[in-house]
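A.B. asks: Quick one: structure below, then a few questions.
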Amino acid sequence: MRRTSLLLLALILSSTLLTACWDRVEVNDLAYVLATGFDKEEDGTYRVSVQVPLPSSLGGAGSSGGGGGTGEDGPYFVDSGSGRNIRESNDDLQARMSRKLYFAHRRVVIVGEKMAKEGMGEILNTILIQPQSRLSSFIIMSKGEALEVLNLKNRLEQLPGEAIREMAKTSLEMRAHEVLQDIKRPGKEGVIPVIEKSDKQVKGESGQEIKMQSFAILLGDKVNFITNEKESPAVLWLHNRMRGKSITFPYSEEGEITLRIIQDKVTKDFRMVNGKPAFTVKIKATSTLMENEPYISLDDPKIYKKVIKKMEEEITNQVEELLNHAHAEGSDIAGFGWYLYRNHNPTWDEKWKDDWSAHLKDLEVKVEIEGEIQRMTNTGMKVKE
Amino acid sequence: MAEPVNWQSGKNGGEILTEKISSFQLSILVANFLFTGVIISLPQVLAESSNQVSWLSPLVVLGVISGFLWLVVGKTKQLQRLSKTFLLGKPTKLERVFLVCFGILFITAAIRDLRALIDFVATVLLPTTPIDVMSILAGFIVIYMAAAGLEVIARVTVIQFITLAAVIIALPFMLMNGMELGNFQPIMDVDLLPGLAKSSFLLLSWAGEAIFILILIQNLDDVAGAKKATVRGIVVAMCLFALVVAVEVAVLGVDIVSVSSYPSLQMIQQINLTDFLDRLDLVIVTIWIPCFIAKIALDVYLVNRCLTSGKKQPNNIIIIPLGIALAHLSVLLFRNNTEHIEFSFYTWAVWGLALELLIGIIFIIRRKIS
Amino acid sequence: MKLRRNKQSEKKSNLHTDKTESQVHSSLDENIDILKELFEDCSDVIYRTFKVGSHQACIIFIDGLIDANSIQFHVLDALEEASRESLSIEIVKDKIVSIGSVKETEKLDAIVKDILSGNTGLLIDGLNEALIVDAKGGSRRSVAEPETETVIRGPREGFTESLRVNTALVRHKIRSNRLKMIAKTVGEETQTNIAILYVDGLARPELVKEVMARIEKIEIDAVLESGYIEELIEDNSWSLFPQIQNTERPDTLAANLLEGRVGVIVDGTPFALILPTTFWQFLQASEDYYHRFHISVFLRVIRVIFIFLALELPAIYIAVTTYHQEMLPTNLLFSVASSREAIPFPAFIEALIMEVAFEALREAGIRLPKVIGQAVSILGALVIGQAAVEAGIVSAPMVIIVSLTGIASFTIPRFNMAISIRLLRFPIMILAGVFGLYGIVLGSTFILTHLCKLRSFGVPYFSPLGPLNLRELRDVFIRAPWWALDKRPSQTVKDDVRRQKENVRPTKKQRSGLEGGNA
């Protein structure tokens, strides 16, 4: 018994060791894809661009660097390949690489504008099917081609992919599985952040940087429209992401007031009015005073009330504008339909399921803001009278 | 809690006593046996048929199977009497039929489980390694564990399962940020009842595997507590499974769960406790694999018990060829993992359940006769 | 005589020939002739003949094994003074020789045996009995601090090479008539004395019987160290894990005896055996029980973590860097990748080279004289740690991993367990190199199963974790305060379970008595 089992062990070990190591890949035989860009060409083919860091120039003990090979400038390079579908484009790319593309560390997926408008379903499906890629990668749309955005440098981070990720984290992080879920949910449309080129604003330097400010509102898996400057904060309001952000609004002719939001909470109230659904969006915003241009004294209850009112007006405007725009375009970004689906399922199936977009257009939505300034350290001093 | 001490002195011989396991160990064995098997890809089919209420089906099954086993095991006194005669000595005709059914059930279970393990490892850990090699390696460890006997399997299982259960219970906390409770709504819908019934039926035969305790009654330290211990095990397993399914649906949504072949893996990939602890999925997988191996080892041990029942030779004489044959069959019998998944979803639901019912009925008859 | 011996040795070992079985003759010369023949070419045997009155007498002893002073004072001088009296063996024994332990014998082979074990034989012409005087002496190392188990707090005395000193050290700790010490002799040639220690009523009688039976089965020519006995009586001799603990510390042995275990002290070595053992005992230092429990809890947790690291860390490094790169956080992966950029070896080979080099370095450090040993470690640290990294032969993370593994294996308090872990590291590394995490998991499961399967003298080796006993885990992963450790381990002690009175935790009441007095 013991001898046979020992023999068996020896046999297994030797056989495995001799043939061995099917999946072994050294760390330095892999090209780690940090960010991918997906574009659709004019002729309908796909273009996949990847951003790969160059470990030898990332710096680390023992890496002598040896000069050269540092891409154009930064410790990374961008390359792209094309093909009839995404995987084929990857293979095209791979054919020109000495290292194996490795997608498990991809944190950011950038979808080009054209592709986003034609539908992102295939991209999301590739992420879902391929075991290496993760459903937790961020989905971001780029204005223009994704490849161009990937090529832009960021001066704070060594790797632009990392920079994009950090920027998404501070605005709206939309992971692949969240986008997928939103697409599948009845009566709810997804939102993804938009990244765009912006000119550098330093004297004597020309060139472009990345900027993330607006959001793309989806309809199904297609981008429906992109928010403008005024609507963008409203997206964050609706997604409960305003914490830490500031709002600035005019108080009087004398100047503006800036408040930083420290807590925000969105609730939706539903009621039926004349057989039609009507919603109230209630947003509770708690803030601190950051800048006080008109030098008002908030100790005065009257002034305080006025400030709060101004603040509430500002937010209401933003949110209403976004909702009106989105509903006109047929995108239910606040998920009113989903609310009905979840809580009034039989009625939903009966009445609204099939033409919710049509209902949206004349959906009555009221926005109620409950503002509060919780803290002000100093109201500020008037320097000159 | 502790098992009795065996005073067997090494090589110096002395009679080897019957292996005994405590009620606690039996509970854990049952829980591990049920839980580690269903967790791999069964949530997929549950979500497919019963959508957002799929977490209910483990609880339904829990009730049905506990009742069934309560019925099969019967009165304590009868069982105590039975434990002194059942499957000891030359098997009677009825016992032979019992053994045949039992053997077939657990041979298929062992093959299915082994293949499930290998397919999972091949998908997640080693995509290009030939599966025969992996099955040999897994087979070797399973043989070693099965040959070590019931006591050892029980001890190993207890250690591993408690670790696994702790991790599972921690999952909702680790995934707190990603959970969307709206995914469970609408909470109840009449349309969902047939779906729930279907998913419960698919799960039934898996939970019914707890019937393996029947062959172990002579190894129980406390025969009187066997019934309770088994039910306790089923409760633990099914509650944990319900928790896993619920978290999966909450995090991923019904649609993703019902299309991914390893939804539990997808779920643990979403764990993100700060950027640094972002990749805990494989750590959790490495905790689950040993538990599953312990399950397969118990499978093989049960088959071995079946085949050698009533024989006078040392019990382990056939375990090596048996283990190798099972490992080999697991590779041969299924062409690809879809076929295997189809088998474990649909064929097993009928096949397993039929055999389990048969075994239960035979046992009841045998019990009545004594 | 089952031992195989070639003819020459059979000729020489004439200890058991007919002659010795003979009686002591009344003629002194005849006796001396026989003894001289037996001790042929034994230059250390001294025959000192002298006259007692009219009788010729002779003392025979082995130089260096006896206490020359007491022989001079109690035997030679005493006999000279008493030379007038008529001599019979009783008179010599009872009146003249004033030494603690004296016995008479008629057998020559008994005399030979006693002389060999350090006693002195006294033969007097005309008497057909001999006197054996116990005046053992000679130089042996004195009690000193044990070098392998040093403590910050705790007794500083360690066992020596002398059996009697060692048993006395234990008796100093346990002054109870329940502490039994059974004497035995093993080794055909060495005739090594051993003592089997146990506390009556705590150690299970079956266990003591089993230990005796296994020791009685030993038939070997020599027992030079307790390691001989360890290998001859352990349950599974193929297992890499030590199933018997050894210690140099009397306090450790005493503590174990009081938990119902059996100790074996072997003459000639300071290492006593403790059995049965569980895996966890090897992770415990005697000091754990002497410091206050907070730090002991912390240290034990650290040890459990580090024994895991010592076993798995290089393997995990290999698996993660060559199979599962997704497991590393992105930034960490990039720094590993950038430092591995110039390395010519695959990670597995690199790890193997470094681990073997480290083991060699350690071995060299132990064998060399202490002064040079330090030089070797400095050299090794410089060569491997610094130069190899700078030359781009070994990556910096690998050096970190190997040194961390090395440190981890030093945290295991018992050297013999550290050895098993060090050895097991290599198969796990190979498995990791071939199958990645899957290999590691299977390898670890194998080890876990093996640990759960092992028994040491009937006690499951992995208890109280496998089989699980939650109550007793308080003395495994942590060390509960003494007032909570009120029961002895159930695997070894069955009857007299309670170690202390119930509810012995110091309470507020006790304290307030004192404080009230002050007020």
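Backbone N, Cα and C define each Cβ position, glycine as well.
Pulled the feature table from TrEMBL, pasting it below:
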type     : residues  : note
TRANSMEM : B:26-47   : transmembrane segment
TRANSMEM : B:53-73   : transmembrane segment
TRANSMEM : B:94-111  : transmembrane segment
TRANSMEM : B:131-150 : transmembrane segment
TRANSMEM : B:157-176 : transmembrane segment
TRANSMEM : B:196-217 : transmembrane segment
TRANSMEM : B:229-262 : transmembrane segment
TRANSMEM : B:282-303 : transmembrane segment
TRANSMEM : B:315-334 : transmembrane segment
TRANSMEM : B:346-365 : transmembrane segment
A.B. asks: If you count Cβ pairs under 8 Å, which stretch among B:26-47, B:196-217, B:229-262, B:315-334, B:346-365 touches the transmembrane segment (B:131-150) the most?
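C.D. replies: Out of the listed stretches, B:315-334 contacts the transmembrane segment (B:131-150) most.
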A.B. asks: Residues of the same chain, at least six outside the transmembrane segment (B:315-334), with any C-beta under 8 angstroms of its C-beta?
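C.D. replies: For the transmembrane segment (B:315-334), the nonlocal Cβ contacts are 107, 110-112, 114-115, 118, 131-132, 135-136, 138-140, 142-143, 146-147, 300, 303-305, 307-308, 340, 343.
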A.B. asks: If you count Cβ pairs under 8 Å, which stretch among B:53-73, B:157-176, B:196-217, B:229-262 touches the transmembrane segment (B:282-303) the most?
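C.D. replies: Against the transmembrane segment (B:282-303), the leading stretch is B:157-176.
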A.B. asks: With a cut-off of 8 Å between Cβ atoms, can you find at least three pairs linking the transmembrane segment (B:53-73) to the transmembrane segment (B:26-47)? Only pairs 6 or more residues apart in sequence count.
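C.D. replies: Between the transmembrane segment (B:26-47) and the transmembrane segment (B:53-73), which are separate recorded stretches, there is contact, as judged by 3 or more close Cβ pairs.
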A.B. asks: Look over the recorded stretches B:26-47, B:157-176, B:196-217, B:229-262 and say which has the most C-beta pairs under 8 A to the transmembrane segment (B:346-365).
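C.D. replies: Stretch with maximum Cβ contacts: B:196-217.
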A.B. asks: Three or more CB pairs closer than 8 Å, sequence separation of 6 or more: does that hold for the transmembrane segment (B:157-176) against the transmembrane segment (B:196-217)?
C.D. replies: no
